[in-house]
Amino acid sequence: MIASHLLAYFFTELNHDQVQKVDQYLYHMRLSDETLLEISKRFRKEMEKGLAATTHPTASVKMLPTFVRSTPDGTEHGEFLALDLGGTNFRVLRVRVTDNGLQKVEMENQIYAIPEDIMQGSGTQLFDHIAGCLANFMDKLQIKDKKLPLGFTFSFPCIQTKLDESFLVSWTKGFKSRGVEGRDVVTLIRKAIQRRGDFDIDIVAMVNDTVATMMTCGYDDQNCEIGLIVGMGSNACYMEEMRYIDTVEGDEGRMCINMEWGAFGDDGTLDDIRTEFDQEIDMGSLNPGQQLFEKMISGMYMGELVRLILVKMAKEELLFRGKLSPELLTTGRFETKDVSEIEGEKDGIQKAREVLVRLGMDPTQEDCVATHRICQIVSTRSASLCAATLAAVLQRIKENKGEERLRSTIGVDGSVYKKHPHFAKRLQKTVRRLVPNCDIRFLCSEDGSGKGAAMVTAVAYRLAYQHRARLKTLEPLKLSREQLLEVKRRMKVEMERGLSKETHASAPVKMLPTYVCATPDGTEKGDFLALDLGGTNFRVLLVRVRNGKRRGVEMHNKIYSIPQDIMHGTGDELFDHIVQCIADFLEYMGMKGVSLPLGFTFSFPCQQNRLDESILLKWTKGFKASGCEGEDVVTLLKEAIHRREEFDLDVVAVVNDTVGTMMTCGYEDPHCEVGLIVGTGSNACYMEEMRNVELVEGEEGRMCVNTEWGAFGDNGCLDDFCTEFDVAVDELSLNPGKQRFEKMMSGMYLGEIVRNILIDFTKRGLLFRGRISERLKTRGIFETKFLSQIESDCLALQQVRAILQHLGLESTCDDSIIVKEVCTVVAQRAAQLCGAGMAAVVDKIRENRGLDTLKVTVGVDGTLYKLHPHFAKVMRETVKDLAPKCDVSFLESEDGSGKGAALITAVACRIREAGQR
């Protein structure tokens, strides 16, 4: 008993000593985490070189665009063919993908041989043979009458220029078909099919096996965005942001990059990591100096590395008593499967003995222990190197997405990963150690090269179908120049109807006289109060206007809220509250009891009979104070002042915010004769000739007309421009059938139009994987500010996704592109419609004055104009295009509703004083 324990102890110690000896000898092959992180850092740099246009030509890691722009989302369906050519045999497959709530993939395939004479013959012979095999397969399945989409896995070095265009760089794997290198493989296969003439197919996609692996796994797990192969060769691909791929035009979305990482180190980057054994393998290979990383990690070289180490150690008399057999001295005799078997057996030492005996050796126990340990070190290094480069890829994706913690899946294929007993586990553990801030799942690919090609095709088909469907839906929102000219013409007609006494009553564009008959001339001076009431908050302002050398405007203001019970109470309560706030402001400014001229910006629909008389037609914006509609708001304000008996005010002018905007800008620019607001709502005003304002007596001079153009189209004159989405937004609004033009182009409604389009797309499976969230059903979630943010040029798609997530909408990268596209189309139409309306206004001014050309400035205010990244530019371009005889400048207003009311009051006081003199 004691003897057997002693013997076991002796062997354990012996083994331990031998392992230590090998570990010491192969010290440089055992890589610390510190070294692996350094390799990872170097690989990141190489990736960046491959992506950048300037360094791509000399980069060793080529980072080739694959033109695969999306991974599966699980809604793919249809029948597809796949060709898989990567060796002496090739396969034809029929892949049926169903999506009836249960994702299912059915495959039938047949393997065909490629005879040596065809591999070495002409390209025509090779592709005729492939087309013949394809015909045979389709015959058997009786599908020759169908024109099916086909994906082609072509595992040879290619330069891809489109998804369905791929130029062969050079043959490998024993192929030498003449006249193929440098040519597009897809064209060659198409021509071969045409020569036959007995069937037709639609070649949609050319992919390599790594991409196919990612796509296969992507169908089962939508987080899969990396493909990895570790077999006879090694490579990886991943989904990169388009904005970083300099070699392809476009910044939107993502594209799969075929890294060709086997060439990492070809420029000397890994020279300090490579050992003498790596150098020896390279020198004896078919392609010295190339694919150096692959030679350190892939199955083609793993067994050979072990053999070279054994030979060197034997020559140094560290193994086999210094003796070597001819078999062990023969390249390729120690295979990678031997490495797997030695490491896989419970008694790996015994397996090592069997392999060594097969190779004509007579090993001792120590030799077998050493061989087992060498296999472990070589395969562990392979897994570690693989993990280092994968860590770089994961870190890059994480940074691209701007996420604190990345959740991602890696689709993996290849004999080393699948068949080596410990490779997968070692790789996974090392990756998780190197990138602890990533949650990584490894998914084994089942038939990546066949099913994957079909999946790329299925995704391309889905994207193409969805793109066509979306284009068709968005088409009515894209207005041609002719359509915009027609909108301009109709606006002019409606303006004439609003000005005419005869048609005014039935005209939707009311063209209301404002009794503002002059713009500022710069001589205005004095202190004025201004009230600005247009929502749940209102402002009281003191505006000091100076002329002469100190010309300018100085403002002080205070904001007060209007509680809901007052908004919904009586008119007396509302105006008493307003007067209370004025009293508070005067006390705050140290002006208690002072009587000043007052301008009142009152942004509700009114009929104005004088500058200081304005009849409220109806409350909007949530106000419901009783006893106000049909009453003069100036009288209501004066009565409230008298009730308080604390101060008196001279109410000189009631104005709306559009006129205030024109006057504010008119103070800065004497050419300003038009006011425009494009914010939550939209309206315009302009200086009209008095002779055309039939509702007011007098022919001389000009008067500002408040167009109230938001109601353009309320008589049905825009029905042919209204889409189903405009109709839906109108029907669910607080005022159906009213303000139709405003509902097509103002900030309050653009988000709702977008939301309705997104719901339509989702219902039809074109967006959000066909899943409508409760959040998307919620009216009003798409505020104008989100549209502005989403369309911002400096915003990456990840940030668009973040905005959508904030709105409770889980989206993919593709979804983000679509949402951005919808926002762009809706906002562009809004800007163009606004431009068409403005073109009608400035052209009318020009024609009124009988001018060939008009120079005019438009004062503009409103969040949509000021904050949206493209609205202003598109609108200005539209005006320029539709009113070419007008030289129109746009001046942004600063506080039109407050400062503007004071300036109207100042102008009125100036004119009144001049009249008194």
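Glycine is treated like the rest: Cβ placed from N, Cα and C.
Values in this document were obtained by computation on a predicted structure and should not be read as measured data.
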Quick one: which of 1-16, 449-464 does Swiss-Prot have down as region 'Mitochondrial-binding peptide (MBP)'? 1-16
Please state which member of GLU573, GLU708, GLU774, GLU783 Swiss-Prot lists alongside SER603, PHE604, THR620, LYS621, ASN656, ASP657, SER682, ASN683, GLN739, ARG740, PHE741, GLU742 for binding D-glucose 2. GLU708
With ASP532, LEU533, GLY534, GLY535, THR536, ASP657, ASP861, GLY862, THR863, SER897 listed by Swiss-Prot as D-glucose 6-phosphate 2-binding, which of these, THR514, THR635, THR680, THR878, is given for the same site? THR680
According to Swiss-Prot, SER155, PHE156, THR172, LYS173, ASN208, ASP209, ASN235, GLN291, LEU292, PHE293, GLU294 bind D-glucose 1; which one of GLU260, GLU316, GLU317, GLU327 is listed for that same site? GLU260
Among the binding-site residues SER155, THR536, THR680, which ones place their C-alpha within 10 angstroms of the C-alpha of ASN656 (D-glucose 2 binding site)? none
On the 0 to 100 scale, where does the mean pLDDT of the region 'Hexokinase large subdomain 1' (208-447) fall? 93
Express the distance between the Cα positions of ASN208 (D-glucose 1 binding site) and GLU708 (D-glucose 2 binding site) as a whole number of Å. 61
In all the protein chains shown, the tally of other Cβ atoms within 10 Å of the Cβ of THR620 (D-glucose 2 binding site) is 15
LEU787 (ATP 2 binding site), number of other Cβ atoms within 10 Å: 29
Using a 10 Å radius around each Cβ and all protein chains in view, which of these binding-site residues has the most neighbours: ASP532, GLU708, GLU742? ASP532
Provide the three-state DSSP residue tally for the region 'Hexokinase small subdomain 1' (73-207): helix first, then strand, then coil. 35 helix, 56 strand, 44 coil
Could you list the residues of the same chain, at least six apart in sequence, whose Cβ is under 8 A from the Cβ of SER897 (D-glucose 6-phosphate 2 binding site)? ASP532, GLY534, THR601, SER603, ASP657, GLY660, THR661, ASP861
Recorded D-glucose 2 site residues SER603, PHE604, THR620, LYS621, ASN656, ASP657, SER682, ASN683, GLU708, GLN739, ARG740, PHE741, GLU742, farthest C-alpha pair in Å: 20
